[in-house]
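A.B. asks: Take this structure, written in structure tokens, and hold onto it; I'll ask about it next.
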Amino acid sequence: MARIPETPDDSFRPAQLIGALALLALLAGCLLVVRPFLSALLWAAILSYSTWPAYRLLRDRLGLSANLAAVVMVGAMFLVLGLPLLFAAPTSGADVENLRQMVRRATEGGLPSLSGLVGAIPVLGPWLQGHVNRLGTDLSGIFQTLQPYIGSVAQLLLSGVLGILSGLAELLIAILLAFFFFRDGAKLADAVQRMAERIAGARGRHLVLLAGDVTQGVVYGLLGTAVAQGVMTGFGLWLVGVPQPVLLGVVAGCISILPVGAPVVWIPAAVWLFVEGRPWAGGFMLLYGAGGISSVDNFIRPWLIARGADLPLLLTLLGALGGAFAFGLLGLFLGPVLLAVGFTILKEWLGQPPAAGMDQSGSPKGVSPEA
């Protein structure tokens, strides 16, 4: 009787285990290499994907080569995004020293007296002046208490300035990396979609397209808000007679994507109007800025994002705000994208028919729910 050869046990193969560990080590090494540039790579992907129609216009309609069209797009990004922030950021040692001295003067000598300015406000001036005088008495004691901590306050200020410079450098790197995303974008998109299909089948491609739509919606929401706030700021400053309203409106639009936003422009303008002895104009600028300019961000941005993402307005708002708190400025994009993908998966899962062998109540066929 012939002996049947024994089948080797395939449950454990040392060679496969070693190969899997080597693959994990390789992936970990690659992640460590690109980790310092991961945020810049994400920004480059977002910038290139959201402006891809303009790149295709240059390449297909105007007949530019892929490299030349990418160079034009990168140059336009630098002029629109990088150059205004480069001029606005405190990039020299003198700027940092001036900020440090300003904090030191405020903590040592207190804030300048506001009683004269507040008293000039129509109707409410005398009432506000009394509160300001009492507040000034309290602030003098507060500033005396803070004097031993001047060095710590200056250090915090310096850390904030360094963070701004780091973000500016990251943006410039992202703009440079966007050249490669433009030039090889079609190949990268095809590779990402094929990877998604390998992981999740046909649904993976759908989720990749959804993430792209959400990203475009967020970018259009940011740009729409920037344009609206810039135009409204420039119009309000022109209306009350502030010098250079067009330039200040452009500055307000450029910084509206930051958490502080346009108030950095219209609040100092209102204070300047009070100092110039124009309380009515200053009061109007404060009301117009708080009720008009700043409120635009609460309506236009979520509406534009929701249109591009096919996402409920509440989830859009929660995604943008929660993402910003969790991941910083990059979270404005990541938050809505993550919620949109999760919301779509949940909708498709709830819309699927019950699995085979289950009745509509969720119980196995032939078994009563009361059993």
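Note: Cβ is positioned from N, Cα and C throughout, glycine not excepted.
Here the structure is a predicted model, which means the values were calculated and not measured.
So TrEMBL says this about it:
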TRANSMEM  12-34  transmembrane segment
TRANSMEM  40-58  transmembrane segment
TRANSMEM  70-89  transmembrane segment
TRANSMEM  149-182  transmembrane segment
TRANSMEM  218-240  transmembrane segment
TRANSMEM  247-274  transmembrane segment
TRANSMEM  280-300  transmembrane segment
TRANSMEM  312-345  transmembrane segment
A.B. asks: Which sequence positions outside the transmembrane segment (280-300), separated from its termini by at least 6 residues, show Cβ-Cβ distances below 8 Å to it?
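C.D. replies: Non-local partners: 121-122, 221, 224-225, 228-229, 232-233, 236-237, 240-242, 252, 256, 261-263, 266-267, 269-274.
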A.B. asks: Checking distant contacts: for the transmembrane segment (40-58), what same-chain residues at least six beyond its ends satisfy Cβ-Cβ under 8 A?
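C.D. replies: Residues 34, 64, 68-70, 72-73, 76-77, 170-171, 173-175, 177-178, 180-182, 185, 212, 215-216, 219-220, 330, 333-334.
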